[in-house]
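Lifted from Swiss-Prot, the feature list:
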| type | residues | note |
| --- | --- | --- |
| BINDING | Thr28, His189, Arg242, Arg334 | FMN binding site |
| BINDING | His189, Asn192, Tyr361 | substrate binding site |
Amino acid sequence: MNDRGELFKPIKVGNMLLQHRIVHAPMTRLRATDYGKITGLMVEYYSQRSMIPGTLLIADATFVGEKSGGFPNNPRCFTKEQAESWIPLVEAVHKNKSFLFIQFWPLPGDLKDEYRNDLEKMQKITYSDCPQDPGGLPAGIHSFDAVQGVEVYKKKYMSKRDIQEHIQDFVNAADLAVNIAKADGVEIHQVNGFLLDRFVLGGFGDQCDPEYRGSIENRCRFPLEVLEAVTRKIGQERVGYRISPFSGWMQKIDFMEVNIYLMSEIAKRFPKLAYIHAIEPRKYWSGHKLVSSEQNTSFLQKYWKGPFITAGGYDPETAVQAANERGVLVAFGRNFIANPDLVFRIKHHIPLNKWDRSSFYLPKTEKGYTDYPFSKEFLQSK
């Protein structure tokens with residue numbers, strides 16, 4: 001029983017020929033150094049999970065500039081030294097004949113100074129006494145400015161100059177990721193109310209340049225300009241784009257129209273983009289199960305006809321179903337955390353290890369990171 005249908009058929013994504021359609025989802029794991037450089041622990045983690053040739057791994061949500069983040073132990077890629085620290089990780093993945101994209105993840109705003117470089121203080125607010133999501137959205141986030149009711153971001157007007165500086169950060173980081181670190185590409189993050197999504201959702205209100213607020217066209221201007229600048233620098237085939245059209249409490253009345261407009265513009269302007277990566281509607285804090293089979297991201301596939309990655313609450317059986325019915329790739333987060341040989345297990349119907357949620361965000365430790373076991377069947381196959 002080794003045939004799992006479309007899920008195990010090769011597919012061309014950007015410049016890559018993948019051997020199956022199971023993708024390692026980008027996550028926040030806090031295993032980098034205090035100043036955002038890649039550690040040997042991270043190299044080991046990605047080496048483990050790339051051992052099935054032809055696997056696409058999307059690496060940790062990564063800061064692209066001082067303006068976009070800055071708290072410790074989260075990867076960064078905006079200096080030459082930071083980019084060089086990625087080289088062993090990328091080489092380990094390539095040695096296994098797999099592929100690596102780096103996700104670019106700007107926070108919703110500029111962190112206040114007291115939180116920027118105080119991991120313990122930020123962790124107490126963000127992750128304590130609340131459910132956790134390794135995709136980067138702690139349950140305590142309930143507004144664009146506050147986490148657990150504490151305002152952690154500076155209140156400031158987002159000027160056109162600020163926006164252009166953010167765009168340049170994306171371009172610089174993409175250049176470093178592809179030309180120094182030698183990653184296969186980058187993924188732009190427009191998810192869950194973080195910076196690009198905040199613009200799309202109108203989350204700055206009147207506190208941003210008039211050209212970037214109000215109408216759907218204006219609200220989508222910033223992410224489209226980011227895509228234009230980044231693809232011009234490194235090529236469309238090296239860029240993926242992640243969205244969360246059903247972002248729970250942030251869902252606007254016109255969210256369908258916004259996402260249809262955005263997807264239509266991306267398809268028109270960037271037809272060679274590597275992929276679109278969309279998060280399914282789900283109940284975030286009750287096990288991440290898919291909300292329904294009727295309401296999902298398939299409406300976006302009417303407008304984007306290229307490679308499409310879906311993520312959110314999948315198990316092996318629902319992944320097989322999605323690939324067969326929708327022709328999609330399927331991203332796994334928590335199951336990839338707990339199963340370094342996830343692709344092998346799914347193909348051969350081997351039960352999965354269960355993840356340990358308490359270890360998702362333990363800084364700089366192998367616990368819950370590189371210590372999950374491979375299946376005996378996988379080890380015997382080597």
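Placed from the backbone N, Cα and C atoms, the Cβ positions cover glycine too.
Rounded to a whole number, the C-alpha distance linking Tyr361 (substrate binding site) with Arg242 (FMN binding site) is 22 angstrom. Cβ-based neighbour count (10 Å, all protein chains) for Asn192 (substrate binding site) stands at 23.
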